[in-house]
C-alpha cells in the first residue's frame, strides 16, 4: 500500500500499467452546463510519481469556469483550437494574468491560484494539463459558493450582495 | 539569504528576533467592509520554520468572508467570544463542515480548502490561527471574482447568472 | 491508512472530526512534580496536516522543565499570566535566548532546540503551543538522563560530576 | 533569488512570464545523429513550480536514444505519429516495459529509470513530455560511456567487451 | 506499515533492531564477473530514516562497473586499499570527475549521476558507501543495455555501432 | 548561492571539490575533557546533497557524552576498536537501546534522539558516522544545561536537585 492504493506484486507489473490511451478523442466526464469534457489520465504505475494529467475538450462558447486546485500547480498545453486562459493573483492584488492561447502554446498557473479558460472561438478547443500532484483536488468557485450548504447570508456578505440574489443563483445551480 | 529574506549575522541575533508581542489587544489591518481586524505575527527568527500565525478580531455581525490559503492548512483557536466557523470540501461534493465554536475550541481546515467564520453573537470574537506555511497566501472568493479584472461574461458563466448582476456586485466592490 | 492511522470512510466524515473543544479550562495530563498540565489537541481530521497543538497550564512556581521536540519547531502564545520562556542554541555556543512573556506574546523555538518555561509570577499561566509536526515527540532532559537506564558513570562523565551525585538525583526521579 | 534564478519584481510580472509559445512547430536543438529535435519549455514564472516540459519531434527512423533523467520522473503524450517507447527496470531485473504508442497515448517512466523512444513508422512523430523537476538533468547512456573521458579499459569491463571495440565506438562519437 | 514495511510493535523493539554486524569481513552478494562483493546494510529500525549503506570489497583488477542510483546521492569512504573512483556529469558535458582514493578518503557523487570504481592496485580494496535513500535502486549501464530485452537496433543506434557488435556483447552477458 | 553557500562556476568545478582525505588518521577538533577527536567531513560538492559525515576517535575511557542532533538521524560504523553505543527513546519511556559494538558493526539512531558512545576497552576506537542533513547541529546535554546561561533554579528544578549541586557542576564546566 502506498498513498492508500494497493501496490501490485512487482512480478505482475506489465507495460500497460504505465499506459493511458485514447486522449486523441474526447472522453471522460462532460459538463453540459459549462460545455467541457474532462478526462483525467489514470495510470496505475503513476502512483507515487507526484503528477497527474487531464485532457480537456471545450466546445465553442464553453468555459472551464473559475476554479483552483488546492494541492497543485498546473501547466496547460493547447492541442487544438484557441482559448482565453488566465489566473488571478492573491489578495490584495487580484491581478489578472491572461492570454489568448493558440495551438502549441503552454501556460503555467502557480500552486493553488484561481484560474479559468474560455473558448471564445468557433472551433472546438483541446488542452492537455499537467498537475504537480497525484491528488490535486478541484474547487469550482461557483459550485463552492452556491451548490453546497453555505448559509445565504454568509454568501451574500462574501459577495457584497443580498440574500435574494444568492437564492436566485442557488436555484440556477439546482437545475440540472 | 533564505527564502528571499536576508539572514541576520548569527552573532547579532537576540531573543527579540523570536518574539512578537501585543496579541492581547486588537491590532493590524482592519476591514470595515467585513468587520474584522487581522494581525499577522511577524517573527524574524521564524524564517524557514514553515509556519505563520494570525490574530483575528471580529465584531458582532462581522465575517471573515469565504476564502482560502493556496499554500497552507489552518488550525484556529477561539480566544474570546463565539463564531460560526466552517469549510467546504472539494468538487463535486461541496460538503459543508461547520460548527459554532466557543472559547477554547480548536477547528482545523485541510490544505487549500474554502473556509469562513461568522460572528453571529453579540460580543466581539477573537481567534488565533496557525498556518502550515511561512507564506500561506490569501484568496478572498468575492474579491477574486469581483474586485479584479475578470471579464464580466466569464464571471456570469461561472456563477450561472447574468452580466447585469455581475456589474451590480462589481460596483459594490468598487465602493470603499 | 495514512501515517499509521486508519482513514475514515470519507462519506462518514463529520464536522466534529475537525474539532477539539474545552481548551478554556485546564485539562489533560498533570505533572505534580513540575506543576504543569498539558493537553494535546487531538483532531482526527488533522492527520496528514503536519501540525499539532498543545494547551498548557502552569501553576505559580511551576516549570515546564528543559526539553526539546526531536521532530518539530514550536511557536507558543501566552493566553493568561506571565512566564519566563527561552531556548538554548546548539554547541558550542549554548547561547540563551529568553524573555518574560505576558498575555498576547508569541515566542518561537527553532527545530529541535532545547527550551523551557517558568511561571515566576503569582497567577496561573496558560499557553497555546503550535508544533510543526503531527508527531513532534518530547524529550525531557532530566528524565532522559536520570529516569531511564543510562549507566551512572556515563551520566557522571556527561555532566562532569561523580556517580554519587548521579545516584542521588536518580533516587529523586524514582520518587513519584 | 530562488533556485539560483533572480526573481522578478512582482509589480513587473506580466502574463507573458507564464507563457511559452510555438510548440505546434518543430523548434529547439536538433540532433542530426539521432534524428530528433527537442524544445525545452522555458517559462520564467515556472521557477519553483517543480516541473518542466519538453516538446520532441522525431523523424522516421529517428530515436531518442537510451537515456535517463537523474532528478525526475517523466510522463509523455504522443501528439502526432507513432513511436515505440519504453523503460528498463533496475538491476537485477533489467525488465523492459515498452509499447507502441499512437496519437493520444500517455506513458509514464518512474524516477531515474533508463528509457528511450523510437520512430519506427513512416511519418514524423511529436511528443510532449512532462518532467517532475525544474532541473531534471539528462544522461545519454551512449554519450556518457563513449563521448567523455572514461578510461577505455573501464568501459570495456563494464560492457564485457574489449578495448578495440571501445575505441571504434569512441571514434564514432567523435565524428560530428 | 510505513513504506511498505510492517512496523514492529514498539514494545517489542530491541537494540538489535538498530544493529547490523560483521562489516569487517567480506560478505553479501559476489559478482565473479566484475570482481566485487556488495553487502547492503539491513537495519529494521532504519525504516523511514531515509538512508542506506553498502559495504563493498573489490579484488585487485576488479571493478564496480559504470552504474547509477535512480533515487540517491552517494558518499563513499575507503576503508582498505586503493581505488580509482569517479563520476560523469550530465549531457552535454559528460565531464569526468575522478581520483585515485586511498584509505581514509571520502568521495561524493551527486544524485543520480553515473559513477564507477576500479581496483587498479595489488591489494583488496574495501569501501563503505552511504546512500541518501532507503531504497536507492541500482542501474548497471552494461546490464541495462545488454542483459535485458532492449531491441538490438535500438542499442546499436544508442551506441553508434552495428547490430553484430551488440549481439556479440549480449552473448557475453548471457554467459554466467 | 544555495543554502547560504556560494555555488562555484560549474566550469571551475574539479574532482577535488568532491573529495575529503585523511580520515585514516585522527584529526579535527579534540576534546581533552571527554577524550574524543571529531573530524567533520567538509566536501564543497556535497552542498545540497542532504548528508554529512563525521570521523571520530575515542581514547580508552573516553566518551562522546550524551547528545543529539536537532536536524538529523545518524548511522555509525565502527572502524577500529570497540564502544558501548546507545540511544534513549522519547518521554515517557526513556528506554535505553544500547549495544557493545565491535569493528564492522553499524548502529542507527532515529532523528533527534539522545545518544552517546563510550570506549570502555583498552584500545583506541574509531567510528565513521553518517548524518541525514548537511547541517545536523549538535546539542551536548551537559553543556546545554551547565555551560550556558540557564538560570540555576531552572536547572535545579529540571534535574530534581538543588542550586548548590547545580553551581558545583557549573564550576566544573567552567574549568578548561
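Every residue gets a Cβ built from N, Cα and C, even glycine.
Because TrEMBL annotations are produced automatically, they should be read as predictions rather than curated entries.
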Quiz item: For the Mn(2+) site that TrEMBL assigns to A:67, A:69, A:74, which of A:115, A:164 is also named?
Solution: A:115
Self-check item: binding-site residues compared (A:69, A:115) - highest count of Cβ atoms within 10 Å
Solution: A:69
Quiz item: In the same chain, outside A:67, A:69, A:74, A:115, whose C-beta lies within 8 angstroms of the Cβ mean position for the Mn(2+) site?
Solution: A:68, A:72, A:87, A:109, A:113, A:114, A:136, A:138
Exercise. Compute the average pLDDT of the predicted model within the domain 'Cupin type-1' (A:21-167).
Key: 92
Exercise. Taking Cβ distances under 8 Å as the criterion, give the subset of the binding-site residues A:67, A:69, A:74, A:115 near chain E, ordered by sequence.
Key: none
Exercise. Pick out which of the binding-site residues A:67, A:74 has the most other Cβ atoms within 10 Å of its own Cβ.
Key: A:74
Quiz item: What does DSSP call residue A:115 (Mn(2+) binding site) in the simple three-state scheme?
Solution: strand
Quiz item: DSSP helix, strand and coil counts for the domain 'Cupin type-1' (A:21-167)?
Solution: 22 helix, 60 strand, 65 coil
